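Lifted from Swiss-Prot, the feature list:
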- Arg16, Glu17, Leu18, Lys19, Lys117, Arg526, Cys527, Trp572, Glu616: 5-methyltetrahydropteroyltri-L-glutamate binding site (BINDING)
- Ile442, Gly443, Ser444, Glu495, Asp610: L-homocysteine binding site (BINDING)
- Ile442, Gly443, Ser444, Glu495, Asp610: L-methionine binding site (BINDING)
- His652, Cys654, Glu676, Cys737: Zn(2+) binding site (BINDING)
- His705: active site, proton donor (ACT_SITE)
Amino acid sequence: MTITHNLGFPRIGAQRELKRAVEAYWSGKKTAADLEETGRELRAAHWQRQAASGLQWVPVGDFAWYDHILEWTTLLGAVPARFGQPEGQPVSLDTLFRMGRGRAPSGTPTAACEMTKWFDTNYHYIVPELVPGQTFRIAREYLFEQVQEAQALGHQVKPVIPGPLTWLWQGKGDAYAGGASDAAKLQLLDTLLPVYAEVLARLARLGVEWVQIDEPILVLDLPQAWRDAFRTAYARLADAPVKLLVATYFGGLNDNLATALALPVAGLHVDLIRAPGQLQDVAAGLRPGQVLSAGIIDGRNIWRTDLDAALAALAPARQLLGERLWLAPSCSLLHVPVDLANETDLDAELRSWLSFAAQKLDELGLLGRALADARAPGVDEALAAQRAALRARRQSARIHNPAVGRRMAESNAVTRERAPFAERIARQQQLLKLPAFPTTTIGSFPQTAEIRALRRDWKSGALSDSAYEAAIRKEIESVIRFQEKIGLDVLVHGEPERNDMVEYFGELLAGFAFTRNGWVQSYGSRCVKPPIIFGDVARPAPMTVGWSSYAQSLTDKPVKGMLTGPVTILQWSFVRDDQPREQTCRQLALALRDEVVDLEQAGVRVIQIDEPAIREGLPLRRADWQAYLDWAVDCFRLSTAGVAADTQIHTHMCYSEFNDIIESIAAMDADVITIETSRSNMELLKAFEDFRYPNDIGPGVYDIHSPNVPDVDWMVGLMRKAAGRLPSERLWVNPDCGLKTRAWPETEAALVGMVEAARALRAG
């Protein structure tokens, strides 16, 4: 027998049921009881699907209303004072939502907690806020209730909780100036670990045998103080009346191997997709009786698994460990869509290459049966079918485009250089004539139900091309007139034609495919549907020129052309795994270069190439950074360097803690960079104390992820803080991010206030 288990399942539902239920609750259309019922239905369906795949245990604790780290933060009672949590009382669902998004059906609206990327994924977590002397207690019962819920349905359960070291590492606080690795946070372990021990004891009383405790920071560059803390923390949990499976993922243990192997725990999970070479060393270092969970199915991409290769890789460990070798996905399946069975629109050939969360569990079950007994009934036939699908993909004529191959071969000779910034900015100012502290937005405007219905009707054929174009033009004109009315300086067309900043471009590029229900959670209730890059990328025709040139024709003010950058398209897609990511990114850059040149020729003289994902692409280990940054910067410059000096190139980056890569950001040589800084109170600008950023910069002055309207004086204060580090003549005033997810009333109020703040700055 081979034990198979899962680290976590997508929580959103195959049809995004959780998103709809949560948003209906926020808007007052559903009650809390309605929301709880939806949660129970989803959990039951997810547990049943996982059990049907043959898992020994179903995970409990992977479900979350907004974010699993936020769930755990509230269970620990770590609620910042501004949320008014009554001492000793349970943390309510509305308090959780206020921490995540700033407001809820009850409770006073207040500034949300910071949100940032989860390791190098496109998932966002809510950052725990920590203070010296922080107290902890069990302040919510959801974990224990859900364990009993699953048990009542007949399931064997494996609770999943964030580990104490990873939770602390991901936390922040004003007193912890050193960032995520600040060793001062480790002093909180003395009050944190007793609550962990209490949680584990209560789980044991519910009949739980195994608890998965996630410690993915073991794949990072850890300071020695944190390695030492692992040993002392888990020594204090060693007497817990449950077996602990410490789960690591997103990379290899490397120099943390000895630390991980020394932990007094019953099992260790490792990622064999990102770090296949660690299997032998980990297996050899286990203590007698200790379990190794092999993360052998890719939890972050959507391609079918080469089960023959997996079996060959696992064979030595199986021989060494026997049934102490467990099988699992590499990480939580949170990062992939729910079920390929819903993709009836995909052509059969492409569909046969794919595997979503449900299918990955089926692959896992097949792998477990094959490892235990390759002669078991049905195993050989199932492996043969898997083999045939992989062979068909390798041999498909859809994968390679000879024209793209020829252009790639010549790409090293294509210029990446523009005139010096001082020369460019002088020529741009002569052309654009912008005031001090120029105002702009990041690109998108609110996507109303009417706009979404318009696109849906057009795609379904219910609306003609001419009627659709007329309606989109009307919306663009409305957005232009609004921006003129409130006094913005550099306008945007609002992107009403775009459902998503990556999917829109993918639909117009060769080498991409799209799903109908391939949704994954990005943050809170926001889900994205990543395109699939299955083959060589090329641009058959202009993608944005018509809409952007029309918008520019409506006004004398400059209108930005809006593109998504090559690195972000790469990062936010499911990328082919048959060639290096760098090569796919360069194909994207060449396609975008053609679009940039066409926009300039159409009279669009300000062009924004968004790269919000450039930092998330950073390898988790610092030793691997420079190689990535070299090709990422090269791809950006390749996409932007084909225009004249007086065409202004903007780029945008959100949630980007890139203080430590600022030299590479400067090397991108965008004329203007706009960044996310409001939630972190301009924390990013610490980089400029040591580095003199050479070009213009727009530090975001309000958080678009919260519906709260920012105070004018607060925005002025943020900009004055920025001006203390940067020359004021190089500062722009803008929101943190695009306005797509916001409603019009709050958008109008916020932008009017932002323009007022800019005018106050100009007045001194």
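Residue numbers in this text run from 1 along the chain shown.
Heads up, the Cβ atoms here are built off N, Cα and C, so glycines get one too.
Features as recorded by Swiss-Prot, highlighted on the structure.
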residue	record	DSSP (3 states)
Arg16	5-methyltetrahydropteroyltri-L-glutamate binding site	coil
Lys117	5-methyltetrahydropteroyltri-L-glutamate binding site	strand
Gly443	L-homocysteine binding site	coil
Cys527	5-methyltetrahydropteroyltri-L-glutamate binding site	strand
Asp610	L-homocysteine binding site	strand
His652	Zn(2+) binding site	strand
Glu676	Zn(2+) binding site	coil
His705	active site, proton donor	coil
Cys737	Zn(2+) binding site	coil
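When Cβ neighbours within 10 Å are tallied across all protein chains shown, the highest count among the binding-site residues Lys117, His652 belongs to His652. Counted within 10 Å of its Cβ, the other Cβ atoms near Glu495 (L-homocysteine binding site) come to 24, all protein chains included.
Neighbouring residues of the recorded L-methionine site, listed in sequence order and excluding Ile442, Gly443, Ser444, Glu495, Asp610, comprise Thr441, Val492, Met501, Met562, Gln608, His652, Gly738, Leu739, Lys740 (Cβ within 8 Å of the Cβ centroid). Cα spacing between Cys737 (Zn(2+) binding site) and Ile442 (L-homocysteine binding site): 6 Å, rounded to the nearest whole number. The Cα of Lys117 (5-methyltetrahydropteroyltri-L-glutamate binding site) lies closest to that of Glu676, out of the binding-site residues Ser444, Glu495, Asp610, Glu676.
According to its DSSP assignment, Glu616 (5-methyltetrahydropteroyltri-L-glutamate binding site) is coil. Of all the binding-site residues listed (Leu18, Cys527, Cys654, Cys737), Cys527 has the fewest other CB atoms within 10 A of its CB. A count of other CB atoms within 10 A of each Cβ picks out His705 as the most crowded of the recorded positions Arg16, His705.
The two recorded residues, Leu18 (5-methyltetrahydropteroyltri-L-glutamate binding site) and Ile442 (L-homocysteine binding site), have Cα atoms 29 Å apart. Counting every protein chain shown, the Cβ of Glu676 (Zn(2+) binding site) has 25 other Cβ atoms within 10 Å. Ranked by how many other Cβ atoms sit within 10 Å of their Cβ, the binding-site residues Asp610, Glu616 place Glu616 at the bottom.
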